[in-house]
Amino acid sequence: MNRITAYIRQSLQDIYPPEEVKALSMLICCDMLGVDALDIYMGKDIILSACKQRELENIIFRLQKNEPIQYIRGYAEFCGRNFRVAPGVLIPRPETAELVDLIVKENPDARRLLDIGTGSGCIAISLDKNLPDAKVDAWDISEEALAIARKNNEELDAQVTFRRQDVFSADGIQGTSYDIIVSNPPYVTETEKTEMEANVLDWEPELALFVPDEDPLRFYRRIAELGRELLRPGGKLYFEINQAYGQDMIRMIEMNQYRDVRVIKDIFGKDRILTANR
């Protein structure tokens with residue numbers, strides 16, 4: 001172990017699990033400081049310039065404050081692409097990539113798609129890149145999120161149309177006929193806050209995370225209602241869901257006159273995706 005990795009591990013060992021510290025050490029050295037991975041593996045001692053030393057100290061300081069490494073780097077990997085992220089948007093999760101993969105697999109001929117609550121734009125842009133003949137629209141209520149999404153759209157050479165839209169307002173919502181509506185809306189209840197890590201609670205946007213305990217399905221219910229207006233006959237809904245509400249979601253979606261409702265487990269064996277046909 002060289003002095004740099006030893007310094008990183010010593011600085012973070014009381015905050016992060018050993019395996020995460022090891023992964024962070026490699027990420028910081030190779031990706032953020034430009035150190036050759038082979039030199040790390042061989043234990044070669046590395047001398048950083050004064051500028052790189054200050055950069056390292058800043059990274060460590062921010063990690064000690066529980067800031068997610070993705071925000072420190074300024075981007076996160078999702079579906080094989082790097083997306084800009086900042087505290088105004090959620091950090092993309094692997095479970096959400098499963099949602100994108102499922103949509104692409106099941107709907108290769110889809111032509112019109114809508115992503116509601118787009119955040120960084122990771123779902124919408126990934127669908128646009130993987131379904132090149134499709135036209136993708138994306139909504140969010142947050143101007144901060146939309147600014148980041150539009151930047152990702154430009155940098156990744158995608159053609160998504162982004163718009164500020166409050167789903168609980170009828171203003172601006174017209175009867176466009178979509179093949180697919182997808183959403184990963186807020187679904188963490190206030191009670192579940194106690195189970196969350198500090199790097200999520202302290203840094204990621206509450207607007208994109210939490211729903212009231214007394215109405216955890218409020219966003220899904222409203223989007224299902226919109227789907228009756230905006231989906232063509234035979235169009236599909238795709239949701240990322242809270243694992244605790246799979247059966248409640250099925251009942252609510254069926255009450256909204258959708259058919260072929262399915263709940264699909266994620267890579268961790270938890271109910272995570274719901275699909276339904278109009």
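In case you wondered, yes, glycine gets a Cβ from its N, Cα and C as well.
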Which one, ASP137, ASP140, ASP166, ASP202, is listed by Swiss-Prot in the same S-adenosyl-L-methionine site as GLY117, THR118, GLY119, SER120, GLY121, ASN184?
ASP140
Cβ within 8 Å of the S-adenosyl-L-methionine site's Cβ centroid: which residues qualify beyond GLY117, THR118, GLY119, SER120, GLY121, ASP140, ASN184?
VAL89, LEU90, ASP115, CYS122, ILE123, ALA124, ALA138, ALA145, ALA149, ALA208
If you run the three-state DSSP split on SER120 (S-adenosyl-L-methionine binding site), which class comes out?
coil
Looking only at C-alpha atoms, tell me how far TYR187 (substrate binding site) is from GLY119 (S-adenosyl-L-methionine binding site), rounded to the nearest Å.
14
